[in-house]
Amino acid sequence: MNESGSIGIIETKYAEFKELPLKNGSVLSPVVIAYETYGTLSPSKNNAILICHALSGDAHAAGYHSESDKKPGWWDDYIGPGKSFDTNQYFIICSNVIGGCKGSSGPLSIHPKTGTPYGSRFPFVSIQDMVKAQKLLVEFLGIDKLFCVAGGSMGGMQALEWSIAYPDSLLNCIVMASTAEHSAMQIAFNEVGRQAILSDPNWNNGLYNENSPRKGLALARMVGHITYLSDDKMREKFGRNPPRGNILTTDFAVGSYLIYQGESFVDRFDANSYIYVTKALDHYSLGKGKELTAALSTATCRFLIVSYSSDWLYPPAQSREIVKSLEAADKRVFYLELQSGEGHDSFLLKNPKQIEILKGFLENQSSP
């Protein structure tokens, strides 16, 4: 554990609720939400910030769980004393989405009627349902209005949904490397990943136990990971070496890297959750043009929209569509396209310019 600039040891907590009515009409009962908090809630409870994670993320956004942890939470560079989300100033909340597999209710949860994991019997969940569960947690913590909701990628979709579903419950909204809806290409990549899982001999219609569809999930992660990088970054990192020319093994370094990413992913993620969460992403849509403007018209908060020049999964054009609709709806919005060669994952990586932008947006309440 490297404590330099870190908030130190953090404990994941759990909140349980009786039920959660879902968008599709079904009811999830009971509902467990795994979450972590960093910093101190002010007496007036006006300094709370909700951080929303991406597809494979979790509630562990900062700090360490134990002295033996080698890596901190997934956004530790941005959350902590003096950082963008300054824990000396703000009370930070991060929860695992429902449908996920990191402590919140999802396919790995025990079905109350069968005593076995839900598996594919878990109800379909949407981005709206994820946000609805987060609202339960925020209220449970005694917070009426959030100072900010922030997230990248899928987390950005959740932040957008917060702005229109609960317009009176947040003052600021930060959307990074995200979109208001998936394009056909974005859906296609997710579908290939899902089909890899469904074709695994251990799939068993989603009712697997210890013999899970690891190979299929690894392939799904390999496909997804390609979209997180940029062509320039892959060329710089791997090039074309070393070409081994063996038909039975991976020929190039990039292949070995993707295999490693896939194999390591299956030890920390569930195949059913991958299907549920990617479907939630694909189904979410606020529309385009006038439809998007109308959807965002109920928002009352300030917006910061950030895109990245080399992000080809959620390219800057999709962020600009959001900005255009916010401006058409006469909303307060600041937009920045950061020059980065790291691809979609840029929002996760330490970037002095990004640190400055996030910190400045939160501190300067008079702009834009």
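Keep in mind that glycine also has a Cβ here, set from the backbone N, Cα and C atoms.
Taken from Swiss-Prot, the feature domain 'AB hydrolase-1' applies to 47-349, supported by sequence analysis.
Feature annotation from Swiss-Prot assigns active site, nucleophile to Ser153. For Ser153 (active site, nucleophile), the same-chain residues that are 6 or more apart in sequence and have a Cβ closer than 8 Å to its Cβ are Ala54, Leu55, Met176, Ala177, Ser178, Leu313, Tyr314, His344, Phe347.
What Swiss-Prot lists as substrate binding site is Arg221, Asp345. In sequence order, Gly193, Gln261, Gly262, Phe265, Val266, Phe269, Tyr274 make up the list of same-chain residues 6 or more apart from Arg221 (substrate binding site) whose Cβ falls under 8 Å from its Cβ.
In sequence order, Ala177, Ser230, Ser340, Gly343, His344, Ser346 are the residues of the chain that are 6 or more apart from Asp311 (active site) and have a CB within less than 8 Å of its CB. In the three-state DSSP scheme, Asp311 (active site) falls into the coil class. Swiss-Prot lists Asp311 (among others) with the feature active site, giving sequence analysis as the kind of evidence.
In the three-state DSSP reading, His344 (active site) counts as helix. Residues annotated as active site in Swiss-Prot: His344 (among others).
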So for Asp345 (substrate binding site), how many other CB atoms are inside 10 Å of its CB?
22
Per DSSP, Arg221 (substrate binding site) is which: helix, strand or coil?
helix
